[in-house]
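Record features (TrEMBL):
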type     : residues  : note
COILED   : 952-983   : coiled coil
COMPBIAS : 872-887   : compositional bias 'Low complexity'
COMPBIAS : 888-897   : compositional bias 'Gly residues'
COMPBIAS : 909-926   : compositional bias 'Polar residues'
COMPBIAS : 1341-1352 : compositional bias 'Basic and acidic residues'
DOMAIN   : 26-319    : domain 'Protein kinase'
REGION   : 842-934   : region 'Disordered'
REGION   : 1331-1352 : region 'Disordered'
REPEAT   : 467-497   : repeat 'HEAT'
REPEAT   : 1011-1052 : repeat 'WD'
REPEAT   : 1351-1384 : repeat 'WD'
């Protein structure tokens, strides 16, 4: 800024916090040190901590504005420099000039002396980044001017940021006056000097201090500032000094006096440079700090020069670009960093390996070493990024991912990194708040420490003083899974601790003779020290092992035995293995309820016995005998297996072997195959260890009752198995074993055996009738004399087992509530929570509920209760009225951040809590664990990354795994519920239940097919749900099936694929059963048939098979006039109406009537009817124009409304959108109206007649005979056809777009010109078809009708209309003259 400032004495000295009154949005935190030049403080800002540098204005004439502009320009230039951190803001006030930049905790000077100390790889990485930072700044046209260790910031993950660019400081300093140097550059007061020697000039160029009238530098003179321009070699020299200090453990290369001497050639740097061990680095520094600036290269040239030498290749090819991404604002969360690294781990390792392989070596061995070295160097840098995130991780998944990363990389790292960098964080995770993390941390710690093959001298006591005390608390952890993990790994930890101790002992012994008289206590008495350390280690581990062996949870004890109990025996030695381990293990057999624990005992006892020795056989004998009579057969097998192994190892004395043989031989006829195999295995091992005399004298007598013939090779398992007798029957064995008086049974069986042997003349009849009945039952199950002998052989075992089972049953009666595997949530005080399986707005998804929310809200409560409402239950309803709920579990853990999603609140109804979980894949809610606060909610975090208001990417909280599983469970239950609801909602008629027309479909009236196979009037057309076929029925007594695919005009001839004519009479109506190819047809002869249409692959034609037939009484019931089919859960109902007023629901599954209704014939004869999609109600239309409603649930008539003109109802449909409305086609004026059956109002009318709309007179006799309704684009469209032989397309959303699709054959060549007008008449919306006047044209304008222009329309009344889709939409119509036409 100016050299003269060093001589200005401030008139008033203020503390740094006093200047914060002039700056807003910044809160003073603490001082970071002050000098005469700058006062430095740390401040708080809403975006984080910042460094504030305050320059107090003593001389108002200073041109600070120009310097401010220079700082701002510098910020712009360095914006894209990843390793540069310029001042981000400059502010001028009346009292001071203030600079702001981001706060970084450590500078390089502090980091050099901070544990864990930097290793050689990290030092190279920092030096590499420093040169990159200088290179980036120089390429941006910026010179730093004050590079020193205090201005090189190092993040926790060793990312270097070059900061405090000092272009405003003077370039040249007087060599004979240190005041300017102290004022501007020696802020640390260490007298270290990093300034290039050429920046010190002769003092005669400056004014002296005695000349008070002349400033040292004329700040207003631009020439002085130009003359003092910073140059690149100056920064290179300073960077070289920093690198030298980095590699000499903080020893500075120069202080001020040394640099001035070096400038004159009176000081040499070799003494300091020789402390740098790496030759390449030493050479690099020597070149950078050369006295002549012209000999110094640029930073870019040094980077190229040292590529593959001082700096590994991997720094250039992978690490620099990869690590740079974490320096961006995108990665502000430690959780995200860890997850990104885990995701890219395979790619990272591949790049690190390839980076090592790029270095070409002359020899294979050298190449291999370089490959390994480069790979390790890259991993060390990566580990620093991972470990920097560990203490700030928030989510369980992230912590588990970090542990997974550590374990994956640990095998590739050296001992110092594992012990100094990895182990402290693993112990940190052992104290985590999440049990899963603590458990996984123990496992990872065990595996990492097992990789340590040598122990550094400074870590000799790491186990007894650091690791074991750090995890000691886990033995009493409140979470069972943590104690499980500890029990699973304590043997491995003890083994590793012993190995550490032995390694230290070996090192002490090997170094004993190398100390040359400087003996320490350890080397003077190595054995005594080893013994004391071992004893202390034994006590520490023993305390935790005893705690785990006494754990209240059996699974912890079982885990400890199954995972290294033998290792613990080796660790403790024979005496403690017997006193500590075996004494506790024996108590496990007292637990009669957990057979897994008893089985684990026999799995583990072999290793313990093998270590303790044969002396333990007398202790183990009763325990093994107890196992042979265990109530659980699996435990018996494990005891047999343990005995076999102990016999193989010679741990059983011969008298004990004989006793076991007598106990085990009867198992050769045991019904359990595993037990028989176990007995065979033991006997063959015994035969192998006995001499031949003992085999035949001691062993064979026990085997003879159970083998079919004598054998010689008893020691061969396959031989013994081949001669075994058949085992006792399982049913007989179990029945006898469950007997209450099994002792009396065996006494009687023994008497029967003695009678068979001739010992007694007669066997008395049992006096106890229960024994007689038991014996009779056993004989009925096939018990023979041989079976009796086998049961008697198993007598001792069965008596003991029966007694043991009785004791267990008695204990279970004492504790009725403790059923194995059953958790009683009520006894735990857990409040049940409920989740709505039917979402409040789910009914909107129903096709009939798309557009009628407003209309449905107008219904009165009575109508809603009858017909059902699409709105959810009112808030006043009790929990019992909320349908389809599931208990989602209780007692959810607290501690998650609050902030529920808007509009989704936990609502408390009565005493229970109901939770509304929205169907959102990435977010949901669970209730707080506090039952006293039922309205408190906890928002689950989301997984996606969203953009904040400022544009920076912020990482939102992610959803935890357990809550994701809860969501999956709720979603699964919802899907099940929806499937059930779908089954109940299959009541919608096939016209809109199956595939609706494509949005924007407008048929053009082009004739595709003219079908004339019927010989009489065609009455009905029905299309299957999937539109593959459609069916027609006719007065000629036939039903014809047509292939929809063949109607596309691609074939030369179009014929029906099937004709069925075994019905009789005139077939008046038919319908497809929903979701199938079953076809119900009804004839005027009173018959109803259910036909199965079996589709075959072409060229074979489909077949039809009659399934069921019902004949109606023509006099009583009359013939069928209309028929519909729907599914209602457990029933599949074919509903039909007869001319005599019968409405019958025929359950096709049970072939019985589900319901029967009797219509009042005074309202008129039934002509048509329609069923509500929810099966709540149906509506019938009559010949007198009456529409009568029935409640199908209570089978009662509800209401009836009549047409004002009493005109006959020809067709009736349910409206697809409006809940309580029907669409009716009535006689005359081509009228089609929508009626609200709740109020009886006619809401909407289509009027294709020249008569005045809604008039009761009928100048037009034409009527609509066929009607099709389908919602398209959310708005229904109607197709109508009738006696005027015209097909009309009605667009109900935009009636003006309606038109005539095809006219009749009697119309002119073209369709009549019409338009449609909408008006309101007496509250009814009417769409009227109006014929436009034909303009008179010349003869030439009128096309002539030639023989080729035949009329395409119908010649007779159109009786029905339907649509189907293949690759496009088609209309199919039928007429009274037997014609079927297909249009598009």
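Each position is counted from 1, following the chain as shown.
Using the three backbone atoms N, Cα and C, a Cβ is placed for every residue, glycine included.
Within the model, the coiled coil (952-983) shows a mean pLDDT value of 69, rounded to a whole number. Secondary structure of the repeat 'WD' (1011-1052) per DSSP, as helix, strand and coil residue counts: 5 helix, 18 strand, 19 coil. Beyond its flanks by at least six residues, the repeat 'WD' (1351-1384) meets 991, 995, 997-998, 1001, 1003-1023, 1027, 1030, 1032, 1034, 1036, 1042, 1044-1045, 1047-1048, 1265-1268, 1270, 1279-1283, 1285-1287, 1301-1307, 1309 of its own chain at Cβ-Cβ distances under 8 Å. Residues of the repeat 'HEAT' (467-497) grouped by DSSP class, helix first, strand second and coil last, total 28 helix, 0 strand, 3 coil.
With DSSP states grouped into helix (H, G, I), strand (E, B) and coil, the repeat 'WD' (1351-1384) comes out at 0 helix, 19 strand, 15 coil.
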